[in-house]
Amino acid sequence: MPRRRQSVHLGSGSDGTEDSDSSAEREQTNSSESDGNMPKRTRLTRASLRLSQSSQDTPDVKRVGDHDESPPLTPTGNAPSSESELDISSPNASHDENVAKDPALRDSDKDLSHRPKRRRCHETYNFNMKCPTPGCNSLGHLTGKHERHFAVSGCPLYHNLSADECKVKATTREKHEEETKVQEESNRHATRHQTPTSKQTRYKEQVTEMRKGRNSGLPKEQKEKYTEHRQSHGNTREPLLENITSDYDLELFRKAQARASEDLEKLRIQGQITEGSNMIKTILFGRYELDTWYHSPYPEEYARLGRLYVCEFCLKYMKSQTILRRHMAKCVWKHPPGDEVYRKGAISVFEVDGKKNKIYCQNLCLLAKLFLDHKTLYYDVEPFLFYVMTEADNTGCHLVGYFSKEKNSFLNYNVSCILTMPQYMRQGFGKMLIDFSYLLSKVEEKVGSPERPLSDLGLISYRSYWKEVLLRYMYNFQGKEISIKEISQETAVNPVDIVSTLQSLQMLKYWKGKHLVLKRQDLIDEWKAKETKRGSNNKTIDPSSLKWTPPKGT
């Protein structure tokens, strides 16, 4: 959850100042990339040097260390994050050439044939890392699938478990997953969304029964035990969770923890993140301090700091509070660049061209990747338009969320990427962004659909939006026959999305060779009751407040 911080209102200076380190580093990166003769080795030779120090032949160690330079920069300005970007077959090319030319060096290398092969970079680095949990020896893993761990997310001791207990739980989970797969395979050819089977009904009753006593409270002895555990270990251990909720819900939580830990381990093995570093944990963004969810490819010198300072108006990223304060004294941006195409009350939407405002859009994509799992667009922003939603107050227009769309989409995607900032989630802004994207499709006289794959939160938001659109259409429909094509033309929702939503609502049936749409009055009445309860405070998009014409081919 975001933590509120006291806002600081400072003066403004001239526009166009490149005060943040981000722009300066980008220029430095470009100049570095032009140097084709940059030496190609540092961490690999240092890791090799640590292994070689245990051997008896010191002259070879010195020869390898002589070529210890900075790592080459990738096109993104980051140091290579995986072994595929570097050649690890030899310490460096110049050393291999010297060995080929000098017989003395060739003879000295023959004496090293008894040494074991060099380990890969991240494997060598692991043995020099240690889990930050006090008293942990880095053995075992929360998933039960790895022998060692180097982060709290995979530490059995932090989760009040032993390595053997983690392996037993992993075996139990695998058996349960296999049983679930067998059951899904047997039901694969069954009618979709049919009436629940007797086995499913019994399982639902069992879950309901298990959840009955989850709010009964803790006995006094257990409360004292939990308090003592918290006082003795503080934040170095996870709080005791037994008997706080039902065993069923606790097991679901443990499964989610193990899956998240496994995903982080895969990223570490792939080199996208390294143990204990190169992953931004928090960002300071306006009045909020936000915990990040995923890795974002910021330059390495920024990512390894752990905390990033971002200007909430121009989105430039900085290394320290002092640099941010100095930047805010000069930055005159109070809203996103581009054209304001929508305004109603304090809510505005700005259309930003990725070609005209390249730096801003790149910074926006890097910021969004901290909270999106499937996002891949970072630097190639020119073919896209960005629609940025803001909420205005006396200090400026604060970023609420955004979505991007291709200028020319052959598949009629009306959204390429969509994000609501964490501090504005669960307030209705996500549906406003989705509704705004379909409003643009209506103006363009097109049928739209979001680009796949959707993130977990994005999929939930879209399904909720499609359900609301269809139930509203059914409520206002007065005819006798409903056509999916007519629904699509009126709502601008893709027919495939309409069909999937009708199936999930059990409103689409196959009868006598035809597909029939059923008007379920109970669902419609339930939706109408919720709409009435929300009242006038419901956040919606007003089409009359849109001042926008479809852009011509660019």
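A Cβ is built for glycine as well, from the same backbone N, Cα and C atoms used for every other residue.
Record features, source TrEMBL:
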type	residues	note
REGION	1-117	region 'Disordered'
COMPBIAS	45-56	compositional bias 'Low complexity'
COMPBIAS	59-70	compositional bias 'Basic and acidic residues'
COMPBIAS	75-93	compositional bias 'Polar residues'
COMPBIAS	94-114	compositional bias 'Basic and acidic residues'
COMPBIAS	172-188	compositional bias 'Basic and acidic residues'
REGION	172-235	region 'Disordered'
COMPBIAS	202-212	compositional bias 'Basic and acidic residues'
COMPBIAS	220-235	compositional bias 'Basic and acidic residues'
DOMAIN	275-550	domain 'MYST-type HAT'
ACT_SITE	Glu451	active site, proton donor/acceptor
REGION	531-554	region 'Disordered'
COMPBIAS	535-547	compositional bias 'Polar residues'
Set of same-chain residues at least 6 away whose C-beta sits under 8 angstroms from the residue listed as 'active site, proton donor/acceptor': Leu411, Tyr413, Val415, Ser416, Cys417
Same-chain residues near the compositional bias 'Basic and acidic residues' (202-212), Cβ under 8 Å, at least 6 residues beyond its ends: 196, 246-249
Local confidence of the prediction over the domain 'MYST-type HAT' (275-550), expressed as mean pLDDT: 89
